[in-house]
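Asker: Relevant sequence annotations retrieved from TrEMBL are reproduced here:
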- 104-125: transmembrane segment (TRANSMEM)
- 131-154: transmembrane segment (TRANSMEM)
- 161-182: transmembrane segment (TRANSMEM)
- 188-215: transmembrane segment (TRANSMEM)
- 227-246: transmembrane segment (TRANSMEM)
- 286-303: transmembrane segment (TRANSMEM)
- 315-336: transmembrane segment (TRANSMEM)
- 342-364: transmembrane segment (TRANSMEM)
Amino acid sequence: MKYKTILKWLFPILLLAIGCKVQNTQYNWDVVFYCGAIFNDADNPNTSRKEMIKAFANSPYIDYEDQIVPKTKYGRDVFNNDQSYEEQYAFYDIRIVYIKTIKFIHAIGVDAVYSVYLASLFYALSGVIAIYFFCFAITRNIFFSFIVGLFIILKPDFKEFITSSPDTLSAFSLILLAMMYFSQKNWLIYISVIFSILCRTDNIIFIGFLFVFTLIKNIIEKESLRVPVFSIIISLFFYFFINLYYNNAGYRVLYYHTFIEHLSFPLTQPKTISFTNIFKRLIPEIPYFIYPLMYLLGLIIIVKGRYKNIFIHPALLVTLVAISTFVIKFCLFPSHQARFTFQYELIGVVVVVYYFKESLYLFFNSEKKKI
């Protein structure tokens, strides 16, 4: 039995090694603000901006001239104007867990720019390891769990998934939430809800769908309403508390970022809603809606004739939640980038393994008993 214990912990280490080897270091525009977060001075944003620019110029990990020097008026405003930088930074400093991670990595001596990327890589690999142990808990088979993790790491999307942004952390938190939801342990569910909101406040869309659907299911089946009700209350409390504490108004930022102008400074936009602007913004995006609607069509085909099971079986309910969240987010911010879409593939792996848990356990174990 000792060798099995050794292999159980050896394989995730091997996955980490492979993940670090196949990764492809890349940065996106967000690195500007997350690097700036390391040097952030609330009383003097000019210090943060200048230190950020200096870090880029001196970093061996990024081509400053090619990747970072701004080529648009928006970019030049952020780099050269304290007020513009400070306002746009307000959209990023709400990523509490990710920024704390970056600051810790930099504090132990890592280059500031590379710290932003390493945080993204760390949470991407954490998600893979979480799925490995989830598969092992279901099947009790080390090799199957390893193959699933290896499959994820070797997917081309995985390389694109890891960029200098907290999207990997968001994915990791939602994976944990799905796992805790399947565990049906109340306190683990509550903790994962709080953690998910702290990681990224717009995770409230996924959380909202998950527990509203669960609430409907429990009402229909006359089950306890405690978990869905408490989870909804907890998520709303932390969502509004964080937004108010950071003076972020994330919901308003999202509205202007979506319907008014992608590259703008939304916090100083007027609060009045223009339906004309919404209409003009939506028209060009109509073709993009086809992409998420195909997911909905696929779900309908899969569960055709078994609609009630969507709410009865936890795996199908989480699938519906993931697809609904994807549709909403894609309509708000139409992008095919893997950093926005790969998390749904990871959740899909968790859902499939859980849905077939009994069959998988019986297949990999000689004892013909249910888990």
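Using N, Cα and C of the backbone, Cβ positions are placed for all residues, glycine too.
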Asker: As a test: from 131-154, 227-246, 342-364, pick the stretch that has the greatest number of Cβ pairs under 8 Å with the transmembrane segment (188-215).
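Answerer: The listed stretch sharing the most Cβ pairs with the transmembrane segment (188-215) is 227-246.
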Asker: Which residues of the chain, 6 or more past the ends of the transmembrane segment (342-364), have a CB below 8 A from one of its CBs?
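Answerer: 127, 131, 134-135, 138-141, 144, 148, 152, 155, 157-158, 160-161, 167, 170-171, 174-175, 178-179, 182, 313-316, 318-319, 322-323, 325-326, 370-371.
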Asker: Go through the chain and flag residues at least 6 beyond the ends of the transmembrane segment (131-154) whose CB is under 8 A from any CB in it; none is fine as an answer.
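Answerer: Tertiary neighbours of the transmembrane segment (131-154) are 4, 7-8, 11-12, 14-15, 18-19, 22, 175, 179, 345-346, 349-350, 353-354, 357, 360-361, 363-365, 371.
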Asker: Against which stretches of its own chain does the transmembrane segment (227-246) lie, if we need a Cβ under 8 Å and a gap of at least six residues from its ends?
Answerer: 90, 93-94, 96, 186, 189-190, 193-194, 196-198, 201, 204, 207-208, 210-212, 214-215, 218
